[in-house]
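Taken from Swiss-Prot as is:
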ACT_SITE  ASP1130  active site, proton acceptor
BINDING   ILE993, GLY994, ARG995, GLY996, SER997, ASN998, GLY999, THR1000, LEU1001, LYS1016  ATP binding site
COILED    57-97  coiled coil
COILED    715-759  coiled coil
COILED    860-971  coiled coil
COMPBIAS  1-10  compositional bias 'Basic residues'
COMPBIAS  25-43  compositional bias 'Acidic residues'
COMPBIAS  46-67  compositional bias 'Low complexity'
COMPBIAS  68-81  compositional bias 'Basic and acidic residues'
COMPBIAS  738-749  compositional bias 'Basic residues'
COMPBIAS  750-776  compositional bias 'Low complexity'
COMPBIAS  777-791  compositional bias 'Polar residues'
COMPBIAS  792-812  compositional bias 'Low complexity'
COMPBIAS  821-838  compositional bias 'Polar residues'
COMPBIAS  854-878  compositional bias 'Low complexity'
DOMAIN    987-1261  domain 'Protein kinase'
DOMAIN    1264-1431  domain 'KEN'
REGION    1-81  region 'Disordered'
REGION    736-879  region 'Disordered'
Amino acid sequence: MTKPIFKSKTKPLGWSKISSKEVINEDEEEEEGGEEGGEEEEIDNNKNSNNSSSNSNNNNNDNNNNNGEERKVEKEEEKEEINHYRNQFEKDLLDMELKALNRETIDNILSGLNSYEIFKEVNFDFEKLYSIIISEPPPLFDTFFDSVSSFEIFFTDCLILLCSNFPDGIDTSITRPNFNDFYNHFKDRGVINKYISRENIHKALNDKLMTDYFNSGIYLGLLDTLDIAAIRFITIFGKFLSYEVVETISNSLFRYRTDKIEFLSDIIRELLLCNEKYRTLSKSYDLVQKRLQKEEFTFIKVFEDDDPKLFSALYQPPDIIKLITEPEKDSGFWCMIGIFKSKRILDYLIRTEPSKSWFKGKESDYFFSIAEMGGKYFNWTLLEPKLIKKEVNQKSLKGVIPPRELNSQQRNTQFFRVFNGVTGFNDIRFVYANPSLAQHAIKFIQKVTECGLFLNTDVRNVRDSIPNSNSFLFRKFLEVNFFYRYEKDNEVYQHQPTEENSLLYSTSIISRIVEMEVTDLLSVVLKNLTQQGCSLAREAVDERSLLSTIHSDKYYNSSIVVLHNYWPIPPKFCDCSTSFISMANGKLPRTYSGSDGVIPYIFFARNHLTLGFLLSIHNNITDTIDINHWISVAISGGLYYDKEEIFRKYPLLQKESTLQKYPRPVNILEFQTLLENNECIEYIARTFIKEIPPHEVPTVKHSDLLILFEISVMKKRSIRSKESLQAELDLIEEEKREKKKQKDKKKNKSNQNQKNNNNQNNQSNNNKINSPSSNKLTQNVTPPSSPVNIITSSSTTSSSTSSTTSSTTSSTIEPKPPTQTLPIKTSSPTKPESQKPSTPDPLIPKSSKSTTKNNNNNNNNNNNNNNNNNNNNNNNNNKENREMALEVINEMEKIEIEESLLSTSSLVQPQQQSQQSQQQQEQQQQQQQQQQQQQQQQQQQQQQQQQQQQQQEKQQEQQEQQESIQLNQTLTPIIPDFQIGKFKFSRDENNIIGRGSNGTLVFRGIWNDRIPVAVKQMQKAFNPHISKEIEVLIRLTSNNCSNMIRYIDQEEDQLFVYLGLTLCEESLQDLMESKRYKEFIEKTTTTNITTTFNNNIIDENLYEQRILSLFKDVINGINFLHCQDIVHNDLNPRNILVHKGNFVISDLGLSKMQVETSYSFTNNAPTGQEGYHPIEVLQEKRKTKSVDIFSLGCILFYLLTNGQHPFGNNKLLRVANIVYDKPDLEPLKFNAPALDLVRLMISQDEKKRPTIDTILNHPLFWSTNEKIKFYESSLNLLKDPNNSQSKHSKLLNYYQNDNSGGVLFLSKPWNQIIDPFLIDHVENNNNNNNNNNNNKQNSKKLAIVAYQYDQVRDLVRCIRNSLVHHKDILRSITQQQNLPPSSKEFANDCLKSQESVLLYFECKFPDLLFHLYQQFKKSDFNSKDYLNIKF
């Protein structure tokens, strides 16, 4: 009989955990006890044998003693062997060597427990059953249990076996029983109740040994035979298992899974449902790669098996709703469905209850999302017919031409059935040169074509995704496991497959596939777009993409050939950018300018096969280009970043482009030579140069090939050798030297002629001024009886090209007979300048002669200096000087002839001639003086203008320096560590003064080394046309608009654009948040009013007026934008900055600008989360100028209420209040004009919102003069007989139209509100004025109309009279002797000006003016005839 292992001396097992050491010690004690018992039995047997056999001898006793010693030795050896096995098993367990476990040992355990009857026999006492089993272990079995087993492990085995019998006797409808069901089922059976409590089970299942046990036991021992038991065990007790245990079970199943285990997905499903941490980590994108490497379970297994059960366990209803409502936020999920074609999971999504509840009224959105995801990953199984119908739109296609048989009217109205869901070409990471996905795309597009649908030719640009833990790591995982990276060899940065480049170079679907170079895919796309007889237009393909493909050094013949079959490739590339055209027109010859600003594609081919194909379709081998033209087009076309990059790659091209003084045409062979492209050079030579055998082409020099190419291909007439070319160069140099010599000679001759002309002019002028008329002619005096010979010689100097001649005319005049002309004598050639003309000395005074010489010498010196200074002038100046010299000479000849005639008459009438000559001299002197005065005046004016300009420039510089000094004093000093162009700034974190969307940063910096600016750094990738838009903003803000932030300058590099803005102190939001807004208003408020009445009210009035003046700054800025047809679209306190005590508008990034490149400055639209956008913006409707009016209304409320918002201060509720039109204007209830204007400006109906002009005409913004005019016009309006009726007069006394049920405007008679002494003098002055007027008109005293103190009309009359006659009233008060000095001083403050009078009545009746304004708006008054107000 087997002894129970637990004796009374041992402590009961209970629920205390039995460690392996305790079990080992108890086993050793039992072994020792067994040995002692065996020895006692042997002794008793010996005694009996001795008694029975009396003839026994002593030898037997000796043998027995020897046998006992041998047995002791054997037992010691067995103990050592047992200890050896025990140590070995413990080592295996510590090293996690699960293969060392004996499968048969565990089978023996299970064979003893497999029967449910054994639990009944022991009355479900687990301790008793545990004692029985371990009391008689098989060989070595005790060592296994001693080192490994514990009561918890045994207890776990029992729970698993009990789960196999759990369905007996309970409701079979329970598919997923829980712990309560298990407990209720077994709680009344034996003593099991004390073992299956929650605490005991939790303690057992979280034991450290459970990990090793489940790693081996579940798979090796249980699952092959007890599949239902294992599933039920996890279902019932899964929530008690720790994450480590659950992960161990999952890894064992996932690592050693076989096809025999059909219930594997059921076990994984139960594990997912029972442990939240395990479920979260299994669907994590961050850990997917790591878990796959460790052969652990991930969500990819779900999509790979297309198992809806596992999917329902992995994704709970909240997850499903999120996937349906926001599919783009979890693109990895839809990517897995698309890659593995998980149609059953998709069907489950459609049929699931959360989806059905969400579908109400939103089926189209869901179907659109599914269709878009299906198109993104080219999965046709995701697109059922009903989903495709939701994606089909009737619209026109860019670049697709309808069949030609249609007439023009039908062709214009032709629409296509377009499928918009193919967005897979947007994501270059998944598609770019990926053969597996390309094959899916081919089949997908073929299905679309079979349905008669057209693909949308427009490809949307993908956005730069900011790397985060989810999307970035998951994309990397997809690249590693499902796609391979593709990078072009020897490609520049612009054409690497990056998302930034897809943003910069937007293209069509055909161009995108041409870049991908997948021929089969391109073929099916072209077939789709040309189905039903359609053809492709020129704009269907982006020529920049085609240019980049042709420029690749690899050859993709099939793609280009396929494209050419459907879309003929043009012979030349044309860049339509304005900068390129302007550059071409300015630098290129006629053959390259204007509309011919194109370059043949053959000059961009770097592969000889590509070049051959292009030459085969267009035989343009004789075309030529200009190198600088090619460089500019290559840069504008996106092939290279700048010239430096081109020159680094092609040094010969740099040398040729820099040496060219004038554009020179270059043929294709010479261009390929400059590129050092040997393959293309050999191809051109073998194909087109027939004089050289093809096999000898590689041996011929490139220079010889160029000569032969010019002769045979370019059709040059003569062969030029090196010697002839050198001789031609020598001749050209000699010709240049000769031309230079001739130019120098001409300059010298012209200078000499100019000197001679100047000398003669000076001499003649001096003779005219200093000598009498007789000295102007050379006379030979003879006696009266003899004739008098008068010889006049005049020398003329010809030009530098003609010879110099002089003619002398001599005339003989007799006194009595008539005058006789002597024969003309031809003089010899002109003498040199050193020789003087032969004139008698006595006829010329010495003084005049000396002065003439001095003047001539001075003039010569001055002329020499002038000539030396003018030697560097152009030939045009010399021509002008020559022409002027000839005119002077002609005039001098005419003067001399006239003087000769005058001299003859002077002999007859000397006195008259002398008088006339004196008059002429005086006149000439006066004219010269006048000319000199005019010249001096002009010089003075020019100097004054220059001085004024210099002063203005100095003033501007001083202002800029003062501004910079002020800003530098208020701001911390800038230590620049980065410079771009004229900008210098520091990229330190402390130097950042603003942040924006898409990585935009604003730094404090310096422009032009002295002016502080704000430098805004923006990424080019988000807006490739940002430079042009900044140019528009710079021109826009330079139009003297002081209420807009100034856009000063821009610079750019490879990644960013840097914009210089006016550096402002802070924003309006900063003022409010720092609680310095009131202090700012008070500091910037200036007033000249000093009063002694109601200073608090005056302070409040001035405070409000300052706020309104600041608000006018914002209105003027918006008015400036609206005049330019620009809507700001993002007005809020953060975009209103403080600059020099005024407000300026900033951040035109969301303005709707009429720019050729784009209509928005950034790609981000306003979200409206801050509550400054109207409902039409929130609903994404058409935006008009009224959007800014709504924002202005919110800002006006914000300013007047110290930072409050008209739709609530809670940002989360503002949007809802705007949508439901629930403003809260309670803070403005005591400011009626502001309340009225704000209510109109924030009206939900955009048509009811006022314009900018209407806002500025509102009474809230009236000046003092406008208010005075309004009172005067109001009185005239009330005097109108049509308005003076009792009905109209009484209407002013009430707030409402109904005078019976309305509220009185005056709470008491208005004479009780005004000071008594003032009303008395106002009445007296009114009576006096009426008497005076009546006496003047009728000379009779008429009845005086007295004031009625309960009528608003009379109050208006009183105010008007006080404004007009305030001086008379003040004089009468000061002359009154009974009044105390304080009253007189008070009256002086109130009546010293119209402004003080108006301020006094506004303090007494603050709502009167606006009350009149509202009443006059009504149709009962004919206010338009009197008031010039736009209501």
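Cβ coordinates come from backbone N, Cα and C, glycine included.
Reported as a whole number, the C-alpha separation between LEU1001 (ATP binding site) and the residue listed as 'active site, proton acceptor' equals 18 Å. DSSP assignment over the compositional bias 'Basic residues' (738-749) gives 12 helix, 0 strand, 0 coil.
Per-residue pLDDT, averaged along the domain 'Protein kinase' (987-1261), amounts to 80 for this model. The residue listed as 'active site, proton acceptor' and GLY999 (ATP binding site) are 18 Å apart (CA-CA, integer value). Here ARG995 (ATP binding site) comes close to LEU1001, VAL1002: these same-chain residues lie at least six apart in sequence, with C-beta atoms under 8 angstroms from its C-beta. GLY999 (ATP binding site) is surrounded by 14 other CB atoms, counting those within 10 A of its CB over all protein chains shown. Other Cβ atoms within 10 Å of the Cβ of LEU1001 (ATP binding site) number 17 in total over all chains. A straight line from the CA of ASP1130 (active site, proton acceptor) to the CA of ILE993 (ATP binding site) spans 19 Å. DSSP assigns ILE993 (ATP binding site) to a strand in the three-state reduction. The Cβ of ILE993 (ATP binding site) lies under 8 Å from the Cβ of VAL1002, PHE1003, ARG1004, ALA1014, each on the same chain and at least six residues away in sequence.
DSSP assigns LEU1001 (ATP binding site) to a strand in the three-state reduction.
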